[in-house]
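Per TrEMBL, the features are as follows:
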ACT_SITE  A:424  active site, proton acceptor
BINDING   A:138, A:177  FAD binding site
DOMAIN    A:17-132  domain 'Acyl-coenzyme A oxidase N-terminal'
DOMAIN    A:278-439  domain 'Acyl-CoA oxidase C-alpha1'
DOMAIN    A:480-656  domain 'Acyl-CoA oxidase C-terminal'
Ligand SMILES: Cc1cc2nc3c(=O)[nH]c(=O)nc-3n(C[C@H](O)[C@H](O)[C@H](O)COP(=O)(O)OP(=O)(O)OC[C@H]3O[C@@H](n4cnc5c(N)ncnc54)[C@H](O)[C@@H]3O)c2cc1C
Ligand SMILES: Cc1cc2nc3c(=O)[nH]c(=O)nc-3n(C[C@H](O)[C@H](O)[C@H](O)COP(=O)(O)OP(=O)(O)OC[C@H]3O[C@@H](n4cnc5c(N)ncnc54)[C@H](O)[C@@H]3O)c2cc1C
Ligand SMILES: [Ca+2]
């Protein structure tokens with residue numbers, strides 16, 4: 001059969017150079033080249049097939065995951081892939097596995113919290129995967145409140161060991177990925193107890209399983225926590241439960257970079273400041289923001305392509321119906337998500353820079369930017385993951401009924417993505433941290449301590465609480481300076497309003513608790529400002545390629561004006577803009593949708609996703625949706641027989657009116 | 001082990017009579033009695049167990065569903081259950097099955113569109129389930145646009161038959177529930193063609209399978225469409241694909257209540273008006289609104305109970321931590337959903353009344369209220385199902401990490417619920433219909449034709465576009481008249497603004513298309529007004545029971561002020577309220593949260609859901625969450641062995657550095 005590109009016409013309409021945009025999306029030509037090559041490599045390897053994943057039983061799915069992880073590792077070694085290439089390969093395998101935690105949490109924890117000596121001992125083994133590790137912090141009864149963990153690590157001076165113990169049911173470790181069935185080791189967080197004194201929560205390297213036969217070591221009870229959301233999805237991961245019954249480890253397996261316990265049982269702080277651990281958090285959360293743009297762009301790619309294929313209503317004189325992507329409602333739901341994907345991409349890139357900057361400063365003993373960087377990454381993690389989770393489901397709805405089929409890829413994408421709103425900090429708890437930082441920033445205004453980084457605009461609070469938005473015509477909303485000021489004014493005014501309300505409480509903690517819902521909204525406003533401003537900053541760079549920058553400008557405006565419309569109440573009630581100006585923004589937004597419309601297929605092509613990675617019939621590159629949907633249906637196990645198993649026992653007796661006597 | 005009620009303390013705090021509230025929730029003492037009895041009956045029957053459902057393979061799940069459906073039918077017959085009791089039983093079995101479509105769509109379609117004669121022929125067989133039917137409208141290429149269906153029914157005057165045919169791939173029927181594996185018959189929608197002339201889409205009763213051995217009849221290709229969202233969930237349903245290859249049916253199997261084809265092939269309209277079919281739609285959508293309140297209340301019950309069990313942070317002097325339900329952010333996310341559950345319940349009840357009213361009028365040949373009733377049910381279906389889908393996911397997030405476990409019940413509830421946003425009319429397409437009706441209503445103002453029913457407020461448009469909200473203090477927001485006027489003003493002003501913008505277009509259809517995103521927002525405002533006003537009306541009734549009415553008033557205020565805060569932009573930008581009044585509403589909302597807090601556990605107890613129906617460890621009545629989570633985990637198939645299947649092939653070679661030589 002000849003290959004037809006059902007979206008060829010759409011591709012011809014693009015008003016910019018797609019190949020150049022691919023490089024912008026990837027971040028650099030180098031990154032593009034790796035991503036392109038490795039994604040094809042994965043797509044063409046039969047071991048990495050995933051199209052039947054949602055039909056596998058838990059056990060088969062898990063075994064399939066072990067196989068893929070092993071095969072990936074084999075390929076990485078055989079092809080001598082660089083660290084970056086290896087990471088890219090794991091990413092495109094697109095199946096959560098214990099390796100994510102080994103590379104993403106276990107190793108970084110040792111790097112961040114282990115002494116030089118500890119790093120030299122453990123990291124080489126970990127890099128070679130002679131040991132496999134996970135990150136065991138959360139317990140059945142304690143997640144967000146890490147300081148409330150119950151697991152204990154008692155120092156035994158007689159043997160120079162720590163005794164790790166789970167004193168209660170609720171102290172069972174619960175959730176760590178890779179723990180349930182695979183990890184041989186874990187970084188375990190436990191309360192350090194010396195001579196009856198509680199020194200708070202610390203990390204310990206604990207071996208869990210025998211390296212000979214994989215059986216759990218004495219005193220260790222370990223297993224999988226059971227099925228999670230959806231089919232396929234995160235069920236490939238062995239999130240685990242773990243109980244310790246007085247498990248002994250040598251003293252030198254406490255991660256001692258920041259604080260130590262001596263042979264004599266003396267607890268000491270090293271000169272390495274505690275804030276160092278924030279560095280790791282900035283790193284991990286930056287990767288989560290990057291992942292948000294990838295998950296979001298994937299969903300958007302599916303919904304956009306399908307919306308161009310799908311036709312409904314509006315046929316004239318027996319001609320074809322209207323592509324649903326031409327409906328303004330469809331555009332107003334979809335295009336802002338496309339714009340968000342780009343926005344999150346660029347803020348993610350900026351976070352990478354921020355992490356590098358923070359690391360450099362830390363090495364020079366400069367901790368001044370750390371609190372701001374910490375708050376900002378916490379907030380961006382929260383805002384981008386929440387938006388992405390919602391957006392994936394919206395993309396599914398944008399596909400109408402067919403979005404509900406597993407073969408659309410969207411159900412599994414949703415199910416596998418949503419825990420990002422919860423792990424590495426519950427999104428609301430994170431926003432409360434941001435709010436706390438904002439209130440501190442406001443309270444210090446005028447004290448000579450100038451707000452830095454993403455809070456620098458607070459330094460202009462007087463102006464921002466008084467300025468008037470100068471928009472008079474719809475097109476005035478296209479000026480970056482106008483958009484920026486509106487977002488700054490809104491964020492600043494919301495923070496200041498919260499601070500004012502807070503000051504009426506005699507007990508500030510009570511006030512904070514009482515006003516916390518408003519504080520969360522102020523934090524969101526602040527984070528959205530960051531994203532908008534980083535998008536605008538990106539556009540101040542040189543961006544080569546015919547029409548590329550132009551498209552990005554349109555997307556930036558769509559993103560900003562969409563947020564403005566969505567949070568119109570904030571903008572107007574703070575007086576940052578007038579109702580009339582809000583209406584003009586909405587008008588401009590409609591024009592922007594028309595403007596971007598011809599290019600949207602090319603804008604999702606620029607993500608350069610293979611059909612393998614997309615994993616969606618609705619999003620397939622060639623748009624040949626219906627034939628593929630039809631063919632796929634017949635593969636369901638239910639279709640192995642025409643008359644279903646159970647007919648004789650459970651259907652026929654009904655039809656034949658024998659149900660009373662049927663044995664069911 | 002002695003049963004401990006971990007929520008006993010919470011139950012003691014309730015400030016109203018729970019037993020009386022149960023009756024309010026159920027709708028009547030009679031309904032309560034049935035619901036209570038039947039739900040216990042189902043819960044105590046081992047055949048109806050569903051706690052391992054998400055672990056079953058598709059085939060096992062489907063067979064389990066057939067068994068449950070047969071057992072349910074057997075019990076219905078044995079116990080001589082009334083129609084209402086039978087329906088309640090099917091509801092509490094809580095597993096989508098072909099019977100839903102047989103009773104919910106096939107039978108109503110014949111009742112609504114069949115002649116007396118046809119009803120007499122088919123309904124008795126259907127009631128006895130000697131035949132099992134489904135509703136086959138949607139096609140692979142055509143959903144929302146029913147008029148675009150491609151399946152043909154050509155009249156063959158020679159044999160007095162219709163020839164049903166699928167001329168294209170995209171004309172394959174796709175989605176009908178119960179079609180894939182079970183239905184013996186279907187109401188099939190097809191284009192009626194007589195002598196080359198296309199008379200548009202009509203319904204036909206078509207036999208699909210042999211009543212002897214269940215094999216598909218000649219010319220019929222039928223199967224299941226494959227896996228859908230999630231595990232368990234809607235995968236128990238055999239949504240089907242169906243192709244016709246010139247299948248012949250007798251002429252009298254066209255549903256002929258509204259139009260007929262004579263022996264001679266003459267197409268005729270009967271004197272029964274076409275609008276009659278709207279009656280069926282009002283009925284079906286009313287049940288969907290009721291279902292929304294049930295699904296929502298179920299999610300809210302789980303999240304509320306767990307939020308009272310879960311503690312995080314704020315421990316003082318080693319005492320217990322704070323129940324997360326006491327955090328204002330948790331309250332501001334959860335309590336509005338609790339209020340929404342009640343709001344949807346009451347608007348659902350009102351819709352039941354509306355359906356009865358419409359039916360009565362139809363019988364008296366009064367069609368005057370039909371368009372308004374039709375628009376109003378379309379809108380309420382859309383608004384309540386969208387809100388419920390979002391709310392279920394929000395409830396899951398409110399449970400932190402543990403909400404992501406299948407055993408929380410929330411993933412499956414989400415997966416099974418969300419198609420309600422798509423079937424029986426895509427929610428956006430429905431809102432556009434409402435908007436169209438609103439624009440028509442506005443355009444006819446002053447023409448002497450007074451708006452009726454839920455659009456009656458439009459008759460006061462002059463007042464509503466000029467009135468000033470009189471709120472000066474937070475407590476002014478407690479007055480129903482104040483709330484109502486604010487909602488009416490907002491809805492009226494948004495509609496009027498749209499109408500004004502529309503009038504600037506020379507081509508009204510173009511204008512409608514261009515402004516459709518705004519029109520959808522106006523439609524939402526209108527529908528929210530209806531829900532708020534029906535809640536307020538409900539409270540004007542006598543409601544017995546200590547404190548019951550008081551609680552409902554609090555919930556009604558929470559619902560309204562929550563919407564007001566969420567859509568603040570609408571209210572302020574239309575000038576319906578001032579920013580200051582918006583802030584006062586928010587202040588009042590916080591107070592209402594504190595006010596309702598002591599009663600929330602009792603308010604979810606009032607739903608009277610069994611643990612079986614809830615299907616959630618986090619929501620279990622006694623609150624013994626941790627022990628149950630822990631015990632449940634070990635039941636996962638992955639935990640059958642300590643060392644997982646695949647260890648030797650895929651883990652050991654990595655650890656032992658033999659991966660290069662491993663055969664994977
Ligand atoms: C798929 C998945 C993978 C995971 N992987 C790991 C892993 O590898 N290692 C690991 O250690 N852990 C892991 N976790 C655990 C994860 O980090 C926690 O679930 C997360 O930190 C949230 O904590 P929680 O579950 O205790 O939520 P809770 O804190 O119990 O949240 C419940 C509710 O309470 C609210 N709340 C809590 N505290 C406050 C407050 N102070 N103010 C206002 N509201 C509050 C929350 O907003 C939420 O609505 C994983 C979890 C999941 C779901
Ligand atoms: C679980 C499930 C069960 C079902 N059961 C049955 C059944 O028993 N029998 C049956 O016949 N069908 C059934 N259906 C089909 C269902 O009724 C259709 O999926 C539904 O009507 C939506 O149509 P669609 O899928 O064609 O969506 P589409 O119309 O293709 O929607 C795609 C997108 O286009 C947009 N859109 C479409 N038209 C317009 C417009 N004019 N203006 C603006 N935007 C527009 C929509 O908003 C949506 O975002 C079922 C579907 C599901 C998911
Ligand atoms: Ca809003």
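The backbone N, Cα and C atoms fix where each Cβ goes, and this holds for glycine too.
Within the same chain, residues at least 6 positions away in sequence whose Cβ sits under 8 Å from that of residue A:177 (FAD binding site) are A:96, A:98, A:100, A:101, A:105, A:134, A:135, A:237, A:238, A:239, A:240. Proximity to chain B (Cβ-Cβ distance under 8 Å) holds for the following recorded positions out of A:138, A:177, A:424: A:138. The DSSP secondary structure for residue A:138 (FAD binding site) is coil. Residue counts for the domain 'Acyl-coenzyme A oxidase N-terminal' (A:17-132) under DSSP, split into helix (H, G, I), strand (E, B) and coil, are 90 helix, 0 strand, 26 coil. Counting only same-chain residues at least 6 apart in sequence, those with a Cβ under 8 Å from the Cβ of residue A:138 (FAD binding site) are A:173, A:174, A:175, A:176. Around the Cβ of the residue listed as 'active site, proton acceptor', the same chain contributes A:281, A:284, A:285, A:288, A:381, each under 8 angstroms and 6 or more positions distant in sequence.
The DSSP secondary structure for residue A:177 (FAD binding site) is coil. Mean pLDDT of the predicted structure over the domain 'Acyl-CoA oxidase C-terminal' (A:480-656): 98.
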